[in-house]
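Straight from Swiss-Prot, the features:
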DOMAIN    318-403  domain 'B5'
BINDING   381, 387, 390, 391  Mg(2+) binding site
DOMAIN    625-718  domain 'FDX-ACB'
């Protein structure tokens, strides 16, 4: 795919329609940087298996020489290879070549200027910032070598200063802004400059990117020179201050902004640029310095300009990242290789050479262990022992290791956990619920972040199953469909004392549709609390689990879905296993629903605990009574905060051998009953195993029961 057709030829803040994962790479430039004599361009296998993919190869003639242009893609975690320097490091490691000296010596005395023209007012979300004022420049035509480098990378010449900034970004991966100071309001040779990065306070702020007006808001980080908004931080510079052939005085900026802030601005504005792609993935401090020094050297050399003042703000990097590497673990994970028809493991010297080629410093080593220091530009993706082992395999070549399936004796019997999950799934399907399956990766922040996400938008492990079920119902509603009574059984992740714990959860979502009828003659209604709770209780009953429903608060991420005052915490064997609740109003508004939705999420690991499962039921078998039952209803006025479960437990003390069951059938709350009071309806079912009970016998029993309720429980009977 020739993605460079999307480039706007004149600027380095090129607006693109791609994710920025592809680069056009000049083979001649790559060989020059890496001191590489030959590369087999027809054999893409080694590059593809080394973490990069060559999408296409094109041969062109530039400056009278044949050059091969490679379309290369890399993974999201390899921000260090979004530059020719980074790629040349990789190719040098793969081919065993040595890199040329990359360090750029700063121009003599550029930091010893006596003038203090540039002042730092407030650099928000920016820890590393270079700036320099260069005067008396003459913008001439770009030299041929510079034009050729840009042309081979898909850029077209515009003017010398823009070409230099594009060249530096391609070579070092560090965006450079060059601002025409003659276009800054109220700016002359003697004025001082105040630089800042901040969020705009005005409501009508605008900026021109690529000559298009962009509306700003308080969530967009911008940079300013004096009172002029010169760029959207990390994304692109203001077209009003672009350089041209009449430019005489410039401000050269290079900065590293906070990745999350640039990513947020890019999403809000729906703009992806060469600069934002690199800022989002993370920039390297060493490259930042070298890029700025080389930019100043090129500008002063090619424009004959004079550096008037400089400013630098640098965050001191943390201590070196050291990783202990076990040779035995390398052999255990990677396995043996085939060498000259024989099977053997990697030699210690081979591992050493690979680490040296990757610029990993070896600070301690013996035949069993190596302690390595990871270079700064690889600290984003290499910070564990397994990462170092992966690098060894990648450079040596995955295809050189023997591929064999281990001989494992599988136990054909299903585990207790698998049986329990299958049973739960079967019960829920029998109850009429639809099973859904979602990814374990989510967009939400605040969860457990992946170290190596393939897609930045899905870089967190889920801590709950509810978000997936809610999003599925939201999608159905947007497609003019109904909500689905559904469930999901899957793994969730959470931190427990700095350890990542994985559990198997069950989540259910119920309601939302006007399809519940008591009989065909009654109008349809939406699911209410008691009906939803009844479905959940039915599920637990079929699992043979006695669940306690309480009002204990829950403080995890699910609290954002809870409707205040309409939730219950579920307890099994004195352990909180989950929550049942009505969805809150905010979620209703998001879904566009007028009817109620209820959800359940429980930890199946606790429910499945085989130690708590009865192997033999403790029931006593007795024949059903052949005599009819008689029902009596009773209305009581009780405190509003009294739980029905507690009341039924109190009534159990009034034992009557003919009382078969006591159930709640009604609840009524009104000011006429009394403040902090509610009326409930209880249904008492009487049945004898010995005879048919008469009405007079039942009336007497019921009268005695009412007297005990009034006297002993101090409750009022509603007439």
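We number each residue from 1, going along the chain as drawn.
Using N, Cα and C of the backbone, Cβ positions are placed for all residues, glycine too.
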Counts of helix, strand and coil residues, the domain 'B5' (318-403), according to DSSP: 36 helix, 22 strand, 28 coil
Helix, strand and coil residues within the domain 'FDX-ACB' (625-718) as assigned by DSSP: 26 helix, 32 strand, 36 coil
Per-residue Cβ crowding (10 Å cut-off), top of binding-site residues 381, 387, 390, 391: 391
Additional residues around Mg(2+), ordered along the sequence, whose Cβ is within 8 Å of the centroid of 381, 387, 390, 391: 378, 382, 384, 386, 388, 389, 394
Whole-number mean of pLDDT values that fall within the domain 'B5' (318-403): 90
